[in-house]
Amino acid sequence: MRLSRRGLLRAGLAGTAATALGGLASGCAVPTGSTGRNMVLWYWSGGLSDTVVKNAKARYDRSVDLDAIQIGGYYRSKLITTMAGNAHIPDIAGLKGEDMASYLPNADQFVDLRTLGADKYKSQYLSWKWDQGIADDGSMVGFPIDCGPVAHFYQYAVFRKAGLPHEPEDVSRELDTWEKFFAAGERLKKRIPGTYLLTDVNAVFENVVQQGSRRYVDKDRNFVGDREHVRNAWALAVEAKRRGIVSSIVNGTPDQISAKESGRLPSQLGASWATGDLKNEVPKTEGRWRVAQMPVRPSNNGGSFLSITKACREPERAFEIIAWLLNADNQAQGFVDAGLFPSTPASYGMKKLQEPDPFFDGQVTMDVFGPAAQKIAVAYNSPYDVALGQPIKDEIKNVGVLGKDPKQAWEDAMSKCRRIAKHLGVSY
Amino acid sequence: MATVPALEKPTMTVADAPAVQPKTGLRKYWHLYAAISPFYLLFLAFGLVPVGFSLYLSFHRWDGLGSMEWAGLSQYQYLLSDSDFWQSIGTTIVIWALATFPMIFLAMVTAVMLNSAVRYKNLYRFAYFLPNVTSVVAIAIVFGSIFSTNFGLVNALLQAVGLDQVAWLNTPWGIKVAIATLMTWQWTGYNAIIFLAGLQTIPSDLYEAARIDGAGPVQTFFRVTLPLLRPTLLFVLVVSTVTGLQSFSEPQVLLQTTANESTFSGGPDHAGRTMVLYFFQQTFDNNDFGYGAAVAWGIFLVVVLFSIINWRLLQRRGEEQ
């Protein structure tokens, strides 16, 4: 056969057209959700235990093909793009805790888990965590995966050398207010010059805000970032700066890691998952760290949910799978595999969670995190919190880093918030 | 086959055109259009439609998931009064200037040196081009270490000559300088190659004539090389403007922290928050997709403005000649 240029062009075109049509056809065949047999689950790397997912596949193999996909990159943006595009929506979707506030106003895009009998599981889960998955209209969007109780990580030998309480029980008991915590910081700095209790003022500000039961915007769309609870956090952060207990190191830089390793930053307020970060960043410090309760009361940082989208054709089966994936046994496995701190208190007493951790010189960290997780206050999480919290966090950073006058910084933050609130339709 | 239309066209006169009619452009040449269609179809799907949608979006309020709400011109009104947006324009221009002028100088010096290099010419060109094809994210991570306060290379050098440490990534000017240095490093080699191409178009008899007239190397550079390199220089300036005004990954990666704070806020006093970074913050941190789209169109206008300035510069040059 003679190959002419024209013939080749035609063949190429026909091929392209066929592929395009084929793609179109297969695209139309599965517009949204599952075919019934097929059940698609979206999550991210480390979002669920791989072992548990594998077990779930085998367990439900007779009724569904559970297709669990780890979505890389910017998870939220991919999920909402798919949902807005109304095609190939997963049946079960993981929702990250920090994005929860933006999903909840769109509860109509998800199946209300109460209609599938979720309430009968409620007593097995941390109540504040359970409430975080519920939208304003009362419908339940997210089923709890994990949570992130915040505690006080510190280096035993450094605290001892500075003449501070150094046994975990003593630290928890004696550094139980911000005043005592700051005083300890002053003592630390005086006894071992060049040593700081915390990295920056934001560590104080954000933890104090997180401890409270209110953030920046309330349920009725009122700006509350100018109220007592935020002013108090601001004042404490400014005080930390004034008393010189925070370093000038930038969070997340090699400088910070080296300061942790050398003991010049022997303390941090971090969520349970910070354990994993510490082990990765400063492996040489194994055995030097301990965990105690943070001052005042524990707060939460992170933790995610599983949801069932409206596109799911078999919500009952999907719910059955979710409830199994996230039962107390499997949550314990999730902690072992991926450091996911269980939202099921029944897991805390299990043997595999009561293992002494050599990184903490044999301390059973669950003794601290477990009780902490059960004392967290639930705060209303508004979809406008990010936009209206950021100017305040930015300004307290300017106070901490650039030495900006706190009064001026507060005024600047408030005038910015006023402008943004107006733009977003939040009443100031 | 390409000659067919060219031969046929002139034979058709205006008078008999309506009578002949049968095969008009599209029907006759459909396969040619089909052959070039993939680009246009892809551009339509991934270029034109999103551009149009972003314009539509900028007249709405949308959280990315729920229903859209008509907002009229209010997003643009807010944009004009948004001091953060104006600050981000200033930041972008300062970083652009800090990066572009040293970069052009260094690129030109490099090009002149490459032009006179005798051995390993291609190796040098390859080496200088390499930073441009390296991932910005990887570069930014390395530069984050270079500019770190206690263990950074830059501060080590400063201390070696007896100067104090600078908290590069924690002061407004330090941040801008760090981002600009990164961009300079990344683009110098690329532009040096372009300058090199420009240098090689300059006829050598001009240099000979200059030498005969008694011009030294410096005089030759300023009187012969530079004027003839002007078109290349303007091209480099235009390209650097368009890329520099859209800098995003550099500050984003350089200033991101492990803490759960926004990666788009650009460090203390928003010193590194460029226009595109601000757009990302509004869109993906605040889920304010309508306003994000308006910011994107604001950025578009700024880039257009700069393009017009560049174009005017080119025009004036044309008139002079």
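First residue shown is number 1, and so on along the chain.
Just so it is clear, glycine is given a Cβ too, placed from its N, Cα and C backbone atoms.
Among the features that TrEMBL reports, transmembrane segment is placed at B:32-59 (among others).
Here TrEMBL flags B:89-310 as domain 'ABC transmembrane type-1'.
Look at TrEMBL and you will find B:93-114 (among others) tagged as transmembrane segment. A Cβ distance under 8 Å defines the sequence-distant neighbours of the transmembrane segment (B:93-114), meaning residues of its chain 6+ beyond its ends; these are 121, 124-125, 128, 176-177, 179-181, 183-184, 187-196, 198-199, 221, 225, 229, 233, 236-237, 240-241, 244-245, 247, 251, 272, 274.
TrEMBL lists B:126-153 (among others) with the feature transmembrane segment.
As annotated by TrEMBL, transmembrane segment applies to B:173-199 (among others).
Sequence annotations record features per position, and here TrEMBL assigns transmembrane segment to B:220-245 (among others).
Annotation comment: TrEMBL describes B:289-311 (among others) as transmembrane segment.
By the count of Cβ pairs under 8 Å, the stretch nearest in packing to the transmembrane segment (B:32-59) among B:126-153, B:173-199, B:220-245, B:289-311 is B:289-311.
Note on the transmembrane segment (B:220-245): residues 92-93, 95-96, 99-100, 103-104, 107-108, 112, 183, 187, 191, 194-195, 197-199, 201-202, 206-207, 210-211, 275, 299, 302-303, 306-307, 310, 313-314, 317 of its chain, located 6 or more positions outside it, place their CB under 8 angstroms from a CB of the stretch. Contact check: the transmembrane segment (B:173-199) against the transmembrane segment (B:289-311) gives fewer than three Cβ pairs closer than 8 Å, residues 6 or more apart, which falls short of the contact criterion.
Long-range Cβ contacts of the transmembrane segment (B:126-153) within its own chain (Cβ-Cβ under 8 Å, at least 6 residues beyond either end) map to 110, 114, 165-170, 174, 178, 181-182, 185-190, 192-193, 249-250, 252-254.
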